[in-house]
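*Asks:* Got a structure for you, questions after.
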């Protein structure tokens, strides 16, 4: 198993010292994740690219997933590496790999070469292409728009025959940009905006203003943990939860209805600024898009920005909702967002779209700011890696089962994509697939005389979902951990 990792082109327009630092950080990020997820896989920095090698293909899929989900990588070449004697030896190796691929098709040969050789790249392309054309009668050469492009690289004394080219995430390596604090609600927008800053190289910490109780917090923890685990697990980041119920109660009691939405957002930013200052974080990230709701007009956004010195970043400011949902689907947060309640939208019945500074200040003068300060003071700060541990601690009453009886039903709560990749098949045991985001609404329709065991890959989601079902009064739920 061998992969050649090509950093994003923007890395190479930096000065030599910055470029070297960025690639070292990318190397470190990859090594920390790959060593955790695999055994015997090496990560080697080759200055202008990174090589990832393993003695066997045992960890091929896991390694490829890490490489295509790590920020800072433009593309990944999956290669077969060997030595060579001369151009004819290279041709014979290319023929062995590509004979069936080019049969009955048009093709061309493209070569990248580094090092000192007695041939040029063009000479090598012509030699190999001519040889393939003569050896495979049904194939024909077409230099423009061929059906197949035979690609390989010659690096000094090594030949890299390209098996496949995999698109990377792009962006900058995680940790090359300053940290940001994402105001995450679990919906489409905040998840996508968090992802975009991870992709751009920032360590994203998560700040959650809890307006919906334990169930809402568990849901937001799930999506935050998912984003970190899939795209940013080389970084140590925080998940911070602030109970905003007292703040909302104060607003509902003392603030005019039309100003409530903007004032609530101003309270979010004030609290976010306090938390960011405490942890030395320069920027707040939100999922706001221009005109999407009443508080997101230019006038209102300006009034919201004015309450904090922290830089407010809005990567989705000009995005259409449809495009946001499409990206959420692509990165895997759509299923979380579909079932995440939106509590902010119900706070104001007749929201203003063009708030006036004097009116806002008049209404906020009625507000007891010690309530906000106390809420921030009582904020719960945790390492996002502890969410998995906490799910075990929060649900001690959820029984873990490793052996199955014939009278139980196993509920596979993974996403359809995960279930398709690794179907769960158990001899003599009924297995039903209900994605986690449908479990809350579908579970009540099941035969409640039966016992149900929830299953997911790592056991995090299954424990959290079991806790929610038990809190809702269901006692016939356990977690299956084979």
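Here the Cβ of each residue, glycine as well, is placed from N, Cα and C on the backbone.
OK, Swiss-Prot features for this one:
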- 456: active site, cysteine persulfide intermediate (ACT_SITE)
- 183, 184, 265, 287, 296: ATP binding site (BINDING)
- 344-456: disulfide bond (DISULFID)
- 61-165: domain 'THUMP' (DOMAIN)
- 404-482: domain 'Rhodanese' (DOMAIN)
*Asks:* Here's one to test understanding: among the binding-site residues 183, 184, 265, 287, 296, whose C-alpha is closest in space to the C-alpha of residue 456 (active site, cysteine persulfide intermediate)?
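*Replies:* Checking each of 183, 184, 265, 287, 296 against residue 456 (active site, cysteine persulfide intermediate), the shortest Cα distance is to 184.
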*Asks:* When DSSP states are folded down to helix, strand and coil, where does residue 183 (ATP binding site) land?
*Replies:* strand
*Asks:* Go through 183, 184, 456, our recorded positions, and report the one whose Cβ sees the most other Cβ atoms within 10 Å.
*Replies:* 184
*Asks:* With an 8 Å cut-off on Cβ-Cβ distance and a minimum sequence separation of at least 6, pull the same-chain contacts of residue 287 (ATP binding site), or say none.
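*Replies:* Same-chain residues close to residue 287 (ATP binding site) (Cβ under 8 Å, separated by 6 or more) are 183, 185, 187, 188, 189, 190, 191, 192, 193, 314, 316, 324.
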*Asks:* Residue 296 (ATP binding site) has how many other Cβ neighbours within 10 Å of its own Cβ?
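*Replies:* Around residue 296 (ATP binding site), other Cβ atoms within 10 Å: 21.
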*Asks:* With H, G and I counted as helix, E and B as strand and the rest as coil, say where DSSP puts residue 456 (active site, cysteine persulfide intermediate).
*Replies:* coil
*Asks:* State the count of C-beta atoms found within 10 angstroms of the C-beta of residue 265 (ATP binding site), not counting that atom itself.
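*Replies:* Here the count is 24.
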